[in-house]
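Chemist: Just passing along the structure, written as structure tokens.
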Amino acid sequence: MSSLICFIFLFLFSFITSFTASAQNPFYLYHNCSITTTYSSNSTYSTNLKTLLSSLSSRNASYSTGFQNATAGQAPDMVTGLFLCRGNVSPEVCRSCIALSVNESLSRCPNEREAVFYYEQCMLRYSNRNILSTLNTDGGVFMQNARNPISVKQDRFRDLVLNPMNLAAIEAARSIKRFAVTKFDLNALQSLYGMVQCTPDLTEQDCLDCLQQSINQVTYDKIGGRTFLPSCTSRYDNYEFYNEFNVGTPQDSSPRPGKGGNSSVIVIAVVVPITVLFLLFVAFFSVRRAKRKKTIGAIPLFKVKRKETEVTEPPAETTDGDDITTAGSLQFDFKAIVAATDIFLPINKLGQGGFGEVYKGTFPSGVQVAVKRLSKNSGQGEKEFENEVVVVAKLQHRNLVKLLGYCLEGEEKILVYEFVPNKSLDYFLFDPTMQGQLDWSRRYKIIGGIARGILYLHQDSRLTIIHRDLKAGNILLDADMNPKVADFGMARIFGMDQTEANTRRVVGTYGYMAPEYAMYGKFSMKSDVYSFGVLVLEIVSGMKNSSLDQMDGSISNLVTYTWRLWSNGSPSELVDPSFGDNYQTSEITRCIHIALLCVQEDANDRPTMSAIVQMLTTSSIALAVPRPPGFFLRSKQEQAERACPSMDTSDLFSIDEASITSVAPR
């Protein structure tokens, strides 16, 4: 009986061993031989290649780390090579796979100097070029599962797969092994699994670039797919494929014979298989549960219904937004934002304002957005923040930058805007090498577009919005150089008082601020009108308001300088020299006149934006005589003349004293 019991144990052991061994057999997938360069069988290169392959498949190779590179010979017959095993396989599986790939390499590519071989558990590569620590994405291959996605539209399926795969790519690029897996839900009944891996000798950025290219090459019209590139691989499928081949060879063990009668044999013969099946069942669900906890999760591009594809075509112009817009329909997933901005990589930083930093973000489908990461001293709670975002998102006009949505994650508050490609107006306006791209005709259209955008905020939108920080840096230019006003509504979103006429916290940029706002915190639509006037003068002159400094005993800024030219009857001296003779004097003089009306000290004297738009579009409208501007700065000569009434002066207007270090209104 004991021999029978031993036989049963040996049978079970051999069955399990053979099952495991069969699962471990390296599975060939694909190879690529470069036919551009070859070698002869008896050449030095052939000898060096065999030396290299022997080194990579030796007993002392780095199977425990799953990666090794090597070099053999000297130029011009030098060979460089490497192997890479899947990040979660055991050293035994890695060694077995590399041994097989080395043995088969010379038969698959008998005379080619450069080749790459892909197996389920490993990859082998060699070349006559230096391929070590070098990104290579040429000569890849894409494979697909034969079945179509189940009850999911293709664009939605693509979104569901791309986002977690790109997040896994970021995780892999930041890890030492350059390897990561993920699991995500396709629907309530089905999950998908993903895996990405680079060669560990790549830099973090090269690894991420390679994986993103690999992931984006997939068509995502099947339930599973994989891409092989020389420097990286990616795969997704509807089963947990990355756990099929990660078990090492079992340790040898000999069952001990037991004693007993027929009942013992029957019990053992029945209990052992049942026990084995039960243990396998428990192990399966334990692993499944553990994997569920540690995966980077089911992360659709958005937490709710909105799809990434919906932000690719923002409306050119609408009246007052969409009444069905809700906070939920605008909410982005934080991990999607992190992935789109490459973890807020400094190279993606577009700028920084008073409310936070702005980054360029690119979603896997290629959609680009501007991501504003708000400062953490916002006065809003989450609910209030969401409500204000909904209000601002409804403000849609062709001369306003569209707010696409927001994101909340812990202390993080993020706004997502449409991406405007041509940077801001100040980038072109104040750079002598770029000014030529903005001739007068184009600048005149920009002035009109800005005016229409502000008019919409003041009058045509459902709620009156006062910008409070209108400046050249907040005017973005689209691909056709059309202006789009940015950062409107930030006072509402940031939790600042927008309904009262006074505020203790003044936000904005000095030089653009109206006197009553800068000094006393009093703001109104006329505060924006003042800023618009300063902006028009900058557009006409190509100079910053603050660029004029104390020279030859005079103290000046652009507003003061313009007023003096106007008073002296020589406003044409303000015109940007880059225009040459390509402008209409009457048109440009009218713009200067309108700007001076906007920067008058008394807010009641300034025109409304509605009147300004009419002045710009209808040349027959007579313009009022402008009064002295706010923040008018006196020269030393003017101060002396005012101190000595006996001097012969032309008292055009009354001017209060001010200094360049302590600017004050009249």
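Residue numbers in this text run from 1 along the chain shown.
Glycine is no exception: its Cβ is also placed from the backbone N, Cα and C atoms.
Residues or ranges marked as signal peptide in Swiss-Prot: 1-23. What Swiss-Prot lists as domain 'Gnk2-homologous 1' is 27-131, and the listing cites sequence analysis. The domain 'Protein kinase' annotation in Swiss-Prot covers 344-623, and the record cites sequence analysis as its basis. Per Swiss-Prot, the feature ATP binding site maps to L350, G351, Q352, G353, G354, F355, G356, E357, V358, K372; the stated evidence is sequence analysis. As annotated by Swiss-Prot, phosphotyrosine applies to Y417, Y517.
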Chemist: What mean pLDDT does the predicted model reach across the domain 'Protein kinase' (344-623)?
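Modeler: Mean model confidence (pLDDT) across the domain 'Protein kinase' (344-623) is 87.
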Chemist: Going by DSSP, is Y517 (phosphotyrosine) part of a helix, a strand, or coil?
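Modeler: In the DSSP reduction, Y517 (phosphotyrosine) maps to helix.
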Chemist: What whole-number Å value do you get for the CA-CA distance of G356 (ATP binding site) and Y417 (phosphotyrosine)?
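Modeler: Here the two Cα atoms lie 14 Å apart.
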Chemist: May I ask for the distance between L350 (ATP binding site) and Y517 (phosphotyrosine), taken between their Cα atoms and rounded to an integer number of Å?
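Modeler: Y517 (phosphotyrosine) has its Cα 28 Å from the Cα of L350 (ATP binding site).
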Chemist: Counting each residue once, how many in the domain 'Gnk2-homologous 1' (27-131) are helix, strand and coil under DSSP?
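Modeler: Split by secondary structure, the domain 'Gnk2-homologous 1' (27-131) comes out as 31 helix, 38 strand, 36 coil.
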Chemist: Starting from each candidate's C-beta and looking 10 angstroms out, tell me which of the recorded positions Q352, G356, V358, Y417, Y517 has the most other C-beta atoms.
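Modeler: Neighbour-count leader: Y517.
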Chemist: On a C-alpha basis, identify the one among Q352, V358, Y417 that is nearest to Y517 (phosphotyrosine); the candidates are the recorded positions.
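Modeler: The smallest Cα gap between Y517 (phosphotyrosine) and any of the recorded positions is with Q352.
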Chemist: Counting across all protein chains shown, how many other Cβ atoms sit within 10 Å of the Cβ of L350 (ATP binding site)?
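Modeler: 17, counting other Cβ atoms within 10 Å of L350 (ATP binding site).
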